[in-house]
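Pulled from TrEMBL:
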COMPBIAS  1252-1265  compositional bias 'Polar residues'
DOMAIN    613-778  domain 'SSD'
REGION    1245-1271  region 'Disordered'
TRANSMEM  268-295  transmembrane segment
TRANSMEM  324-351  transmembrane segment
TRANSMEM  614-635  transmembrane segment
TRANSMEM  647-671  transmembrane segment
TRANSMEM  677-700  transmembrane segment
TRANSMEM  720-747  transmembrane segment
TRANSMEM  753-778  transmembrane segment
TRANSMEM  1053-1073  transmembrane segment
TRANSMEM  1079-1101  transmembrane segment
TRANSMEM  1108-1130  transmembrane segment
TRANSMEM  1150-1170  transmembrane segment
TRANSMEM  1182-1205  transmembrane segment
Amino acid sequence: ILSEAQHEPGYCVFYDECGRNPLLNNTLVDPIVPCLNYTRAQLITGNHYKILKQVCPMFDQGENSTYACCTIKQLASLEKSLTLSKAVLVRCPSCAYNFAHLHCINTCSPNQSQTVKVTKVLNVTELNRTREAVVGYQAFIGKTFADTSFQSCKNVRIPATIGGYAIATMCGRYGAKLCTPQRWYDFQGDSSNGLAPLDIDFKIIQEGDTTGVPEGVVPYDGVALMCNETTPTGGDVCSCQDCQESCPSVLPPPPVAGHFTLLGTDGYLVISIILLILLILSFVLYLSVSCLVASHKNKKKGIHRGKGKDKDSDKAFLSSQFRIWGTIIASYPLTVLLLSLIVVAVFSVGLKDIKLTTDPVELWSAPNSRARQEKEFHDTYFDPFYRTNQVILTAPGRKGHIYDSLLFGPQNFSGIMSKELIIELLELQTRIQVLKFWSDDLNRTASLKDVCFAPLNPNNPSQTDCAVNSLPQYFQNSLDNINAKVYMTQLGVTKEVDWRDHLIYCLGSPLSFKDITDLGMSCMADYGAPVFPFLAVGGYENDAFSSAEAFILTFSLNNYARSDPKFKVAMQWEKEFLKIVQEYQKDPKNSFTFAYMAERSLEDEINRTTAEDIPIFMISYAVIFVYIAVALGEYSSWKRLLVDSKFLVGLGGILVVACSVLASMGFYSWIGIPSSLVILQVVPFLVLAVGADNIFIFVLEYQRDVRRPHETREEQIGRVLGNVAPSMLLCSLSESVCFFLGALSTMPAVKSFALYAALAVLMDFVLQMTAFVALLSLDARRQDNNRCELLCCIKVSKQRPKKPNKGFLMPFMKKYYAPVLLHRYTRIIVYFEVGVPVYFVTKKGFNFTSVDGMNAVCSSVGCDQFSLTQKIQYATNYPERSYVAIPANSWVDDFIDWLNPQSKCCRLYTSGPNAGHFCPANESGLICTKRCLGRPENDTVRPTVEEFNLYLPDFLTNRPDLQCSKGGLGAYDKAVVRDESGEIIASRFMAYHTPLTNSQEFTAALKMARELADEITVGMRSVPGTSPDFEVFPYTITYVFYEQYLTIVNEGLFNISLCLLPTFVVCCLLLGLDLRSGLLNLLTIVMIVVDTVGVMTLWSIDFNAVALINLVTAVGISVEFVSHMTRSFALSIKPTRVERAIEATAKMGSAVFAGVAMTNLPGIIVLAFAKAQLIQIFFFRLNLVITLLGMAHGLIFLPVVLSYFGPGVNKAVLLQFQQEKEKDREKAETNSHMRQVYDNISYEGNEIKQDPYSNTVDESGSKTVGKTDRL
């Protein structure tokens, strides 16, 4: 029966406390309700007045003039209730003041009857006394007051929740995003939330609107403070982070520089088109002038003889020395092979000490790089990131349903959101949680609790202390909670509420300790922390979590150093975890389709795909070997097939490559330079490309050559070697010097690759000049004796052809390809044919204990407007520029709030054995009556140095709970590192990046985070007492990998330039200071590299350290495509450039095509079937691009360029050729009667050899060049 109280000033509608609300059970605080009592407001004096002034200062009219409608007991209950909320609101004094103002008006206002209408009373018996108690009332509030109060509180943050808002914990299922003043007040007045002792129906009334307002009621519309106003009690304005109106005027960042444009389009494209037009015009002008000059010259046939320059004498010297060397090696093949084997064996002994670097950090980050040093600092003082093991489950094909909730209205539930599947998920989760295994490292049975991440009980965790994030955690992993249901009445409607109502509420308010249903269950996980929706479900839009299409199950483990025994235990647990998941996946009874991963999965996958791709590499090398063995053979007759094949020579060439790689790896392993999988995969490919080219050039030159009169087999091999070895030396020396200089790189992977490659290429050349020459000598002896290759005892009767073997490619190149390519019109056509969480870590040297120090870091009331955390907050206002999405948490802010006497977080025992020591908030107030700090005059709490050092350890070990949500255990206990003296030597503040999806964004985020950290450092160094070398730096686990992208362009230009320089120098030197040949050689190689980078962009190949290694390799392979051709052209004695280009293309182009292009392409194509993405992208795609571009430039572009701009005829070579020709002709005439004898010597008496000197220039370009090449 409701009282007939009148709504008039100076009267109360309830007064004093009657006891517990009999309608409420399982509440978070005692639901003490007031007694119905229509009486005048009471004069407040003495202690009653002091308490009122402290709790509700807005009623203070002086000790003898203050009236109120509440007793001391009511004030005590009100203070206790307000303390819970003030723990999160106190960082903004005006918000805390407004919040208290509202509830003081309802509870203690002397005009209570004008703003409150009692709607429900019950008889309550307390101490054998029965009285009418108020269990429900309406509170009428003016809209201006309500809106201003809400606005002052809506941006107050809870730092420990990483940018979370306090309002999110006070608005039920709506959270911060959907919260409104009405929803905020509705939650506060909802007794089902576990905090409100009775039902309060807040009525927000627009000014002048009397609809629904009882007669005599005057909606309270007192003065509410804005967040940028000081409080009457002296509280300062709220900080910028909690109040946008308090933010200073900060200039927005300058706009991003737009793309360079000209004439309304891409400026670089316009410039490129202009340059292309200028190049075409220049070339046309060059052709016109050349034709004009040529028409005025006397056309003379033949070439004037003259003396060569002394600068060409080094060519003859090199040829003669290699001729002598080759003759000696060919004369003693078995001895040379044995000595070569011994040398390789000695070098390879070092392989017993080989160390493979598999840690990506060691591979791609230089030890002295900034990111590496910052990582080492972070890992020295803080724990590494925990290990994540995750299962993502979906149930495709299941139909969803609409659930008509009593409390929340119609809600869409997806097919996976069913009780059956949640229970099935819980069964899987439980099966994983209880798994056990024997650990040799612990010498006992181990389980999840031995390695799990337990933020709230890290020292001695139980299974339920382990951080497991999943949807069943909203039910505390309890099957009974999932099955719970109860009938509930709302607005006269009674319906059943079940797991769905609880889930809807928890998905919107994960920080709640109690839902608003009659189920009364908590939303917190069993390990004591909240589970945010994005950690439990996936596949939703616009925060419609109940329509999510996936469950997410995450087990977090501690991360340990690899030397720690528990690292192996964690790896074992993950192995068992994967077993269970894989078994579950194969079970036909399971209802899910899912993906899963463990922290070790990446390493396992790399090892698995590497192991699976080993056969691919073996097939690749086998294909190359078969090609070399087949392509090197001379096939003139089926009867001589086994005689003329070159299976053993091909095998020997492959073994030479393998031995050079083994020798290089053994040497560097012996001196302590580690290898890597990249080296094992790339270096053999590179050396094979170089080695196969040299093998083809040497063998084909020998096959095309004719043995001279009185010349032994060994002398012929020596002479042929003298012809081609300078060219082989040119390429090998260029590549080796290139790679040795590449070792100056700061990237460890690039540096080690360059060292291994340089020595391998050098060893390959040495072994080709020794072991392979010896092997060819043995094979030539076998072939001359008509013995089969694999069956040496068997001879064939079919004699060797009289003519030298030119193969297929050389005639094709000479008769068709070169003439068409170098036609006057084709040349012109060819010439122009050709885009996470992050820690801000502080180092030693900053005084956090001083007031200035705290203000320079914190972001709550009284803090500097440009403090560390405030600058991070400003950065989040421009996430598209800063890549920072969520402000940093701050242990300094929460420590100050924890110390605030308005909360009950920091108290001291006043009795018992612990008197004077810290008392947790969950202890009884009877034994902990003293606050750690007294209440400051201006409500801005700052501890003294002594207080700071005394209470900081208590804060860091205080477990947060309902009574005190500001405890630092779990959030900050590992964020502060102190030395033995108590000085803070390292601390960290965690923010979050925006979602980063590609290397460009990761790199930009790193760059911007460093700029922000540098700004913070400058500001904090200005604080008195700060060390001049104090530093703040950003850190996240990905920075060490993406730092390379900050310098990759400069690093790439540096390394490639270092490779190009020796290529140019060596080419000039070995061609007798021929600058023109060196420049054309360099130009073509640069074009190959530039075009490769262009195709990388078109084919989505990122430019990173692996790509840089391949680009350095591209320079080496380009040398093979280009340098042989350039040298062949430079040494040709044909009268015109076009003829010399035709001869070089026919002779050397065929060898290069067979030796480089056709050797690489089959092996590369096989790599297309590899499973590892690394091999697919950086080995198949990139090497295919390099080979095709190298072939196009070396065999198409270069001959055309040489035909226009190549050097003139080398007169020294021409003179020496003519002198030798005359000498040989005299010998031929003198010994004409001995020709048959010579022929018999040449072909072991089996064949008659044609005159090797007939038609020297016109028909035997190969023989002519052969004679000159030995220079």
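For all residues, glycine too, the Cβ spot is worked out from N, Cα and C.
With a cut-off of 8 Å between Cβ atoms, the residues of this chain six or more beyond the transmembrane segment (647-671) that come close are 340, 343-344, 347-355, 621, 624-625, 628-630, 632-633, 679, 683-684, 687-688, 691-692, 695, 699, 752, 755-757, 759-761, 763-764, 766-768, 771-772, 775-776, 779, 789-790. Model confidence over the domain 'SSD' (613-778) stands at 82, taken as the mean pLDDT rounded to a whole number. For the transmembrane segment (1079-1101), the partner stretch with the highest count of Cβ pairs under 8 angstroms, out of 324-351, 614-635, 1108-1130, 1182-1205, is 1182-1205. Between the transmembrane segment (1182-1205) and the transmembrane segment (324-351), fewer than three CB pairs separated by 6 or more residues in sequence fall under 8 Å, so the two stretches do not touch. Among 324-351, 614-635, 720-747, 1108-1130, 614-635 has the largest number of CB pairs under 8 A with the transmembrane segment (1150-1170). A Cβ distance under 8 Å defines the sequence-distant neighbours of the transmembrane segment (614-635), meaning residues of its chain 6+ beyond its ends; these are 641, 644-647, 649-651, 653-654, 681, 684, 688, 692, 695-696, 699-700, 703, 805, 807, 1154, 1158-1160, 1162-1164, 1166-1167, 1169-1170, 1175.
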